[in-house]
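These features come from TrEMBL:
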- 1-481: domain 'UvrD-like helicase ATP-binding' (DOMAIN)
- Ala19, Asn20, Ala21, Gly22, Ser23, Gly24, Lys25, Thr26: ATP binding site (BINDING)
- 520-801: domain 'UvrD-like helicase C-terminal' (DOMAIN)
- 951-976: region 'Disordered' (REGION)
- 951-964: compositional bias 'Basic and acidic residues' (COMPBIAS)
Amino acid sequence: MRSPQAIAADPAVNAFVMANAGSGKTTTLVNRVARLLLAGSAPGAILCLTFTKAAAAEMQRRLYERLGDWAVAGDARLRDQLAALEERAADSFDAHDLSRARALFARALETPGGLKIQTIHAFCEQLLRRFPVEAEVSPLFRVIDEAEAADIRRRARDRVALADDIPGLATAYLHMAGKLSQPDFEAMFDRFEAKRAELTDYVAQDGGAATLQDRVAASVGLDAWIEPEAAERAAVTAPGFDAAAWLNAAAACARGGEKGDQPMGLKLQAVAEAVLNGDAPVDAVREIFFTGAGEPRKRLGTKAVDPATLDWLAREQARLVEIFERRRAARVALDTVSALVLAYAYGRAYEAAKAVTGALDFADLIQRARHLLTDGPGAAWVLYKLDGGVDHVLVDEAQDTSPEQWTIVRALTAEFFTGAGSHDGAARTVFVVGDEKQSIFSFQGAAPERLAAEAQDYDRAITGVGGVFQGVELLQSWRSTAEVLAAVDAVFAEPDLARALSPGRGESGEGAAALIRHQAARADGLAGTIDLWPPLQDETDEERRAWDEPLDASTARGARRRVAERIADEIKASVEAGHAVHDKKAGLRPMDWGDVLILVRKRGPMFEEVLRALKQRGVPVAGADRLTLSAHPVFQDLLALGRVALHPADDLTLAGVLRSPLCDLSEEALFDLAHGREGSLWRVLNGRAELDPALAAARDLIADFRDAARSLTPFDLYGRLLNRLDGRCLSVRQRFLTRLGSEAADAMDAFLDQARAAEGRGPADLERFCHLLASLDQTIKREMDEPRGEVRVMTAHSSKGLEAPVVILPDVIFEEPRGDALLETDAGAFLWCGSSGEDCAASQTARDARKRRGEEESLRLLYVGLTRARDRLIVTGRYASNRKLENLKAWWAPILAAFERLEGVREVETATGAARRYGADPVAMARSAAPAITAAPPPAWLTTAPRAEASERRMAPGRMEDAARTPAPSPLSRVGGGLGRWRRGELIHRLLERLPDVAPERRDAAAVTLLAREPDLDDAQKAEMAAAALGVLDDARFAEVFGPASRAEVALSGSAPELPPGVVVSARLDRLVVTPERVLVIDFKTNRPAPDRIEEADPAYVRQLAVYWAVLRRLYPDRTVEAALVWTDGPRLTPVPESLMRQALGEARG
């Protein structure tokens, strides 16, 4: 008898496979593709659609490994492998079979485009690029990333507030803005985005917005549209309201009733008189017949009131119940129409924003592909062209396939089963594998019941043309121990719970419970362990709070924290004890940190507490599985550095940069720097940098970043920064990793991705990039599929497809979420109702149905969490101080019931406290003694920065004498803030560069204009600098320096025999005069006072001009080359003698 795996992999069979968790689904898929190839199918004719890129990559890796192994295997081993695959005798494979199997690896590699193993989104993108005209998309369309999609969403929301092209939009906007708080109003658009296409299509259908009111009215049970106020006025208007009857009832209550009936009579009388006077006292009517919660009052009068009056009161209440229900329906209808009009406007604005750039998002890929293959004008042509290229379609994770995606799959396979769908007599097949028990992505459109429905439809279609259809169940788990699987079966033994896991099977009663069956296939001898820890209750004793603790802070020993601390202690104790776990490759071995997977329901307080507790106890932890980029310290620190580069006077941002891993200053060092300072923090930093190496390193990093920002793109700028080495030869990247852990690497990579993406969207400089990042709202998923020697903490959703020897569920007690206001009816209509207290009958029905579906999906999520465990499972939780343990439900109730149902459960005391245990006690294993290794001292080169290659050294002339000397701050850098020596020099240089080209009579005004761009300088400072520059320009002695033969800011690059070997000079000359007879190089200096003789000038100035002189002599060998300093103080011109320059060059050469 063939195994279920062999039946599922049979290339002649169309199969729908229901695969339990850990049953080898990916292996079955690989076996199926391998057997299709062995049967002669062309590699390019097989299309395998997966749910994630990771799943596609894993399947492709395994398949190529299999085919590659066949290509080099010997005859005997290859026969054994083929025999195991097809469950045939090894000797039934002849030489031709072996040759064909060995050739498959080359055939797969040589197939154009490779094997088609891809996500359905990737397939749809390829489809649209192949048929852009038929799909009505731009041939050059691009798929936008999440950051750009978020920007489009923001712009679409803004557009809704300004649009006036949709009837009723302004009214709808005002209505919802007045009804909702600001956070709820913004959250409303998030809900629109989740259902954008469906909402837009719903409004547009059947006449569009013009018929929307009537359609919504029908959805809530109204025969016609009516305003809520008009609906409720029927309570006090004719023909329903009879004032005389109200007065008679009032008299009867006052006359014949008891004391308690008299107030009722007065209220009835007051309402009747108000109506007769032309008022509409609806609230008073509601108070008489209904409670504050809106429920009909059960007692309207005592027995002393005559029966006829009591009967009338009951009839009147029944009339009012109908009226107020009608008013509720009208209110829901009004809110719904307003919300749908806004959703329609938002959808149109979003599409318009995308269309401007020819962009598509991931949802568009599916929707456009579905339209292309089903109801597009070229659908028949497209399917005809595709029909010759795909013979076998395989769908992975089918339980997570949305209805739209199923439509695409059905369109692709429709011709397979028409009776003429074969190619040259070869069968064309469909293979679908999934597990409805693991359908947990309803927010992405997945519907678990659709899997069984599709199986039935394919069964009818295939068998109707004589094909072979097989439903296969894979019950054996190769992942978990028998004890873990028994516990899972016990948790879902109740029929209602079993139905929640398999909603599409149609079973009821005990038959539903039989659907949840698992069989253990492991035979490694390790028994499983399942521990149920008693949940912890929040403390209520306010005296336990510290007197200065914030009121909104959780108590230091709150239940969540205590649960998290016990988890951390348990992990540490288990690893130290060497508890045995099973490794697929190494067999039994002692437990390690990477063997632990902690699964929470959502990222919230428990998630953060667990991470905190693990880090506090020194347990290696991989960090969060999702990173909100804008909230991550790496993102904030790098963005802050960009802001400091743009605005160095921002003291608060600079302080944050100094404390970050970028500069790594201590709190004490920052306090000493900032406390009692005079001037900006940046100015003080520069003033004290020469006294403290740490401050000097911080100043140099920031100044270098500012200078580089002038010429580098954001990607190059930040890439250069992260690779910058400090004095210990540690890069900025390494410092972030040391401070923040491994998750910092993903944050840095994501930051650089944003920088590259910004450059791809147009011109990008630091200022634009910082502005973009300030509004960024992006979450990145960290790849944590494989353990890396660290505890992994993630949500149960993220754990789909993963496994670990030890799994911990720390929050099995929780309150179900309230749910949002957007509801869907069974008929496919949309309703908007903010709370259950405002529900009408239709919205209440829709809300109850959604709640039921949510509870069922929550149980499926529990199944996913439980079945990630291979060897050991720990379950615990916490509950609020106002709850009782016996009343707790959520995941706790079925787990507790399972422990009552399982045999052999016992009370134990673990290393960290009491527990109820099912299964075996953990077995301690001795760790193998590692061979003694004496650590050799690190080589000197490890902590020494490499020297530049001698043949390629590029130096500024000022560094000729000593390459190790700390360079003076660049005159282009505003070091020190305010004016300062270098800032003054920079500005005077700028004036001397630009003013010579201005007519002499306009130079004064031009100088004022140029200096006006420096708002932090006072008038006296500006006047002094202008006078210094103009004094040089107006002096007749300098006419040649600024004459027609001169140029400013001349770039110079080259070498000369007088320079050290291999040195290439790169410099920018302040002024260069070139005539047919001679060359004069000028360097401006702003020192005060200016020296009287050249021998009194700084030797560095002479050396700098000597370098220029040497290079220029080589460039102008036929002319005399001279050099001079122009001092703005005086002003005066000081020629530099050739002998002095040759002496300076000789000293530099050593």
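Glycine too: its Cβ is placed from the backbone N, Cα and C atoms.
Other Cβ atoms within 10 Å of the Cβ of Ser23 (ATP binding site) number 24 in total over all chains. When the binding-site residues Asn20, Thr26 are compared by the number of other CB atoms within 10 angstroms of each CB, Thr26 has the fewest.
The binding-site residues in question are Ala19, Ala21, and the one with the fewest Cβ neighbours inside 10 Å is Ala21.
Within 8 Å of the centroid defined by the CB atoms of Ala19, Asn20, Ala21, Gly22, Ser23, Gly24, Lys25, Thr26, the record's ATP site, lie the Cβ atoms of Thr28, Asp435, Leu474, Ser477, Trp478, Arg479, excluding the listed residues themselves. Taking the binding-site residues Gly22, Gly24, Lys25 in turn, the residue surrounded by the fewest other Cβ atoms inside 10 Å of its Cβ turns out to be Gly24. DSSP classifies Ala19 (ATP binding site) as strand under the three-state reduction. Within the model, the domain 'UvrD-like helicase C-terminal' (520-801) carries an average pLDDT of 85.
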